[in-house]
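Notes follow once the structure below has been shown.
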Amino acid sequence: MDDVTKALNLVPMVVEQTSRGERAYDIYSRLLKERLIFLVGPIDDYMANLIVAQLLFLEAENPEKDINIYINSPGGVVTAGMAIYDTMQYIKPAVSTICVGQAASMGALLLASGASGKRYALPNSRVMIHQPLGGFQGQATDVDIHAREILALRARLNEILAKHTGQSLETIAHDTERDNFKSAVDAQAYGLVDQVFGQRQEELIQSS
């Protein structure tokens, strides 16, 4: 691992004064105490397990208080994203989603699936929706099986987007035929987020 890679992988530490003296946290653990979760980078099984564990932990800690997920992701594995989605819908606390940077593919679906009225995007963030990608190779019968699975996944993802955006299934199917990029304002108009803001809102501070 070169010096640049090591530097990029460094996680800042913060020091907090407690009744027992100083305690050091990595920045993400400290923010988790404030019920802030970061979904950053490609969505794979490892990331999904981390996000699901954090959601379940915060629910156990306080089932009545909102959880905030900050999303900056190009998307990733559909089944991993669905594990996060199902957990967001399953737990009792309302889950607010905030797009910083980009929310593409499964990242966009998770952004849209936040609690109604609590889905946000920063003004220069980008959102992209599209159909699931396939690239299976092998025997013709196996290719056919995987093709039918992709079509089933596509139908289910379209249903979820339609549910959370208020768009019709026909509109979602048409708009996800190809990569469909949207600005934060366009994402709000489409129903992917509820609000675009450049400064932290007072109600978001209080819900945290």
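Glycine is treated like the rest: Cβ placed from N, Cα and C.
Feature annotations, courtesy of Swiss-Prot:
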- SER105: active site, nucleophile (ACT_SITE)
- HIS130: active site (ACT_SITE)
For HIS130 (active site), the number of other Cβ atoms found within 10 Å of its own Cβ: 18
Local backbone state of HIS130 (active site), from DSSP in three classes: coil
Cα distance (Å, whole number) from SER105 (active site, nucleophile) to the residue listed as 'active site': 6
Under 8 Å by Cβ from SER105 (active site, nucleophile), counting only residues of that chain that are 6 or more apart: PRO74, GLY75, GLY76, MET128, ILE129, HIS130
Helix, strand or coil at SER105 (active site, nucleophile) [DSSP, three-state]: coil
